[in-house]
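Quick look at what Swiss-Prot lists:
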ACT_SITE  ASP73  active site, proton acceptor
BINDING   73-74, 147-148, HIS158, ARG175, ASP177, THR185, 188-193, GLN247  NAD(+) binding site
SITE      ARG175  site 'Responsible for conferring strict specificity to NAD'
Amino acid sequence: MNNHFKCIGIVGHPRHPTALTTHEMLYRWLCDQGYEVIVEQQIAHELQLKNVPTGTLAEIGQQADLAVVVGGDGNMLGAARTLARYDINVIGINRGNLGFLTDLDPDNALQQLSDVLEGRYISEKRFLLEAQVCQQDRQKRISTAINEVVLHPGKVAHMIEFEVYIDETFAFSQRSDGLIISTPTGSTAYSLSAGGPILTPSLDAITLVPMFPHTLSARPLVINSSSTIRLRFSHRRSDLEISCDSQIALPIQEGEDVLIRRCDYHLNLIHPKDYSYFNTLSTKLGWSKKLF
């Protein structure tokens, strides 16, 4: 065992039960290597592990030096929103479909993880967005997002009329099916599908991408990540929502605004030493290949 990481958390809820074999293999291997291991409570229950230290995501964030998320990007997003509040590094083993945020190949995960545990890794900070639904005389409803915050109708698709203010200055109005507000991390997710630009992870920028705008002139907008975005609504309907990473939905009531800003904390995401963002674009998303 080395001094880079002493306590390691195992998290992630796989879509297919067969993926639990990766959790169990990882747990046994880490114990054999002499690490202190904390297993997320639900995973320990599903694996029927006895006399094993377990904890919630928050407890793992408080106690562990490294969290290994086993699953796909959805698992990573769900875990990362909580773990980002704590001083913990996060890495993923891909047991999902795309695995854009989960770097480690399940067939070679232990060797790759061994290198990481020996200190051979790349570390980067990914910022989150904080979304607030608020009105002066009402309590705020707050959530966070690693990828994106999306304004959309709640049940039936229809046009939404809204205004966008950036740092309390009017920027534009729009009639569309919604709006995607994305981090650089999320620029290769839903935002990309809607025609948004790809932002490299180190950029301090936020993109605003219209969803099916009823105009010929709407274009994605890139702004500084220090800006605050306010969404205002004229003719309110009762079914508008904002969703965070397509996992958490906050309803918008009449008279309420939506505020979106950069979070005060960030995700400590680590990768194998040979990680390349542009290689990931190529292998995961079919980015253009080299010609020579």
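Quick reminder: no glycine exception, Cβ is built from N, Cα and C everywhere.
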Least Cβ-crowded entry, counting other Cβ within 10 Å, from the binding-site residues listed as ASN147, THR188, GLN247: GLN247
Secondary structure of ARG175 (site 'Responsible for conferring strict specificity to NAD') (DSSP, helix/strand/coil): strand
Integer Cα-Cα distance in angstrom, THR188 (NAD(+) binding site) to the residue listed as 'active site, proton acceptor': 12
Rounded inter-Cα distance in Å - ASN147 (NAD(+) binding site), ARG175 (site 'Responsible for conferring strict specificity to NAD'): 23
Residue from ASP73, HIS158, TYR190, LEU192, GLN247 whose C-alpha is spatially nearest that of ARG175 (site 'Responsible for conferring strict specificity to NAD'), among the recorded positions: HIS158
Most crowded position, judged by CB atoms within 10 A, among ASP73, HIS158, ARG175, TYR190, LEU192 as recorded positions: ASP73
Inter-residue C-alpha distance, HIS158 (NAD(+) binding site) and ASP73 (active site, proton acceptor) (nearest angstrom): 29
Other C-beta atoms that fall within 10 angstroms of the C-beta of ASP177 (NAD(+) binding site): 17
Between the residue listed as 'active site, proton acceptor' and GLN247 (NAD(+) binding site): CA-CA distance (Å): 12
